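J.: Sharing a structure here in structure tokens format.
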Amino acid sequence: RLQESRERLSVCSKLCYAVGGAPYQITGCALGFFLQIYLLDVAQVDAFYASIILFAGRVWDAITDPMVGFFISKTSWTRFGRLMPWIMFSTPFAIISYFLIWFVPDISTGQVMWYLVFYCAFQTLVTCFHVPYSALTMFISSEQSERDSATAYRMTVEVLGTVLGTAIQGQIVGKVDTPCIGSPFFFGLHNSSVAMEEVNMTHDTESLTDTRNAYMIAAGVIGGLYILCALILLLGVRERRESSELQSDEPVSFFQGLKLVMNHGPYIKLIAGFLFTSLAFMLLEGNFALFCTYTLGFRNEFQNILLAIMLSATLTIPFWQWFLTRFGKKTAVYVGISSAIPFLIAVVVLDSNLFVTYVVAVAAGISVAAAFLLPWSMLPDVVDDFKLQHPSSHGHEAIFFSFYVFFTKFTAGVSLGISTLSLDFAGYQTRGCSQPGQVNFTLKMLVSAVPVGLILLSLLLFKLYPIDEEKRRKNKKALQDLREESNSSSESDNTELASIV
């Protein structure tokens with residue numbers, strides 16, 4: 001009981017830890033919801049090249065996760081810890097590269113390379129922040145209940161971060177009227193290209209400049225929040241080496257650890273299930289702004305609809321935390337993720353209606369909250385199960401967390417690149433006031449049919465996940481007994497050494 005009391009975290013420590021998750025979600029949400037429409041309609045990048053930027057950036061982001069995980073496993077402990085220095089030194093460079101993503105360079109050639117370089121640079125630097133931050137879950141306490149509680153705090157703040165990202169980016173940008181161009185068919189088929197060129201030349205260029213400035217202002221505000229959250233994390237959380245390592249542990253090499261991790265059945269089954277869940281919600285995230293703008297016709301409302309989704313998700317995180325402790329994590333997965341299916345179908349089947357769209361947004365937010373909370377709540381259970389099967393192997397927490405993020409980001413990059421390319425093939429019109437019927441049909445598929453199929457597939461995979469509540473309780477007790485045995489052995493060795501001296 002004395003050991004458990006020492007391991008308990010104060011509410012202040014949990015809050016400071018939770019705040020550290022906000023920068024990743026604030027920037028990720030702003031990029032996820034707005035980068036595609038920014039590249040297409042503000043920076044005026046061709047849809048084909050925009051798909052390359054989005055695909056390459058996401059795939060590079062995925063590759064950097066295991067790379068950072070490898071370097072973290074090789075990092076020596078310092079007086080600040082092993083993970084905190086990564087967070088400290090990556091922050092200022094991440095903010096600079098993030099701001100440059102939302103800047104439109106005054107260059108005739110090389111614009112695509114500009115966005116590709118700074119998008120990849122930011123993804124690398126934010127990975128240097130988020131992978132050690134995610135692994136920090138295992139270093140703040142050895143008590144599973146404390147880690148679960150801290151994870152609930154973290155998920156609440158992270159979803160709040162998505163609200164801030166959506167609100168800051170959406171409200172600042174939404175107050176500026178981005179000019180659109182009417183369909184060339186209104187000008188006659190024979191000289192439609194000439195008409196389009198004339199409209200491009202004579203349209204309100206100053207209004208487009210205001211839109212670009214609005215994106216940079218939003219980037220500056222988000223960069224300031226990034227710094228503030230990083231400082232709170234660094235000053236308010238202590239990284240505890242003893243919370244994760246047993247005193248009898250001996251280090252194992254990264255590649256040996258990677259082989260052990262990838263052969264751990266519960267881990268593979270867990271990431272397989274959440275892989276398809278993440279794909280479903282990332283497709284929805286990446287295309288929802290375009291869907292609201294063009295298919296539903298809510299050009300001036302889409303930022304408020306996105307905000308409704310994120311607010312709903314934030315407010316329901318405490319409910320899902322209570323639900324998983326009352327009914328179990330696997331039950332929470334089935335109920336939480338499947339609840340989005342009827343509403344995703346309704347938003348495309350029913351006629352365009354603003355009230356119905358807001359109802360669907362609130363319902364989707366409830367499911368988003370479950371998808372946010374559950375992976376990070378279940379991953380520590382898998383790590384504990386791994387430790388019981390491999391008690392002599394330690395230091396692989398970063399591998400577990402980084403490779404989970406790797407698989408989700410890699411497949412998300414592929415899907416987002418393909419979805420943007422699909423819009424190009426369907427005939428997407430840059431800055432168009434409306435889009436051809438093929439584009440609207442494609443958007444309906446990307447925000448409804450495909451996500452629903454992916455969610456159903458993920459629910460089937462979760463049936464194979466072996467760690468239920470009974471297994472989790474047994475693992476907790478066995479791990480606690482192992483720690484007590486290790487501590488008793490260490491204390492007897494120290495007593496024997498003292499008597500010899």
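A Cβ is built for glycine as well, from the same backbone N, Cα and C atoms used for every other residue.
Curation plays no part in TrEMBL annotations; they are all automatic predictions.
Taken from TrEMBL, the feature transmembrane segment covers 15-35, 83-104, 116-140, 214-237, 267-284, 304-324, 331-349, 355-377, 398-421, 441-465. The region 'Disordered' feature in TrEMBL is assigned to 476-501. For 476-486, the entry in TrEMBL reads compositional bias 'Basic and acidic residues'.
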J.: Other than its close neighbours in sequence, what residues sit by the transmembrane segment (441-465), given a CB gap under 8 Å and a spacing of at least six beyond its ends?
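T.: Counting only partners 6 or more residues beyond its ends, the transmembrane segment (441-465) has Cβ contacts under 8 Å with 266, 269-270, 272-277, 279-281, 283-284, 286-288, 290-291, 294-295, 330, 333-334, 337-338, 340-341, 344-345, 347-348, 419, 422-423, 426.
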J.: Against the transmembrane segment (355-377), which of these stretches has the most C-beta pairs under 8 Å: 15-35, 116-140, 304-324, 398-421?
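T.: When the Cβ pairs under 8 Å are tallied, 304-324 comes out ahead.
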J.: How about the transmembrane segment (214-237) and the transmembrane segment (15-35): do they have 3 or more C-beta pairs under 8 A, pairs 6 or more apart in sequence?
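T.: In this chain the transmembrane segment (214-237) contacts the transmembrane segment (15-35) - 3 or more Cβ pairs sit under 8 Å.
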J.: May I ask for the residues of the chain that lie six or more residues beyond the transmembrane segment (15-35) and have a Cβ under 8 Å from a Cβ within it?
T.: 9, 54, 87, 98, 101, 119, 122, 126, 129-130, 133, 136, 140, 150, 153-162, 164-166, 168-170, 173, 215, 218, 222, 225-226, 229-230, 232-233, 235-237, 282, 285-286, 288-289, 306, 310
J.: Considering pairs 6 or more residues apart, do the transmembrane segment (398-421) and the transmembrane segment (116-140) have at least three CB pairs under 8 Å?
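T.: With 3 or more qualifying Cβ pairs, these stretches touch.
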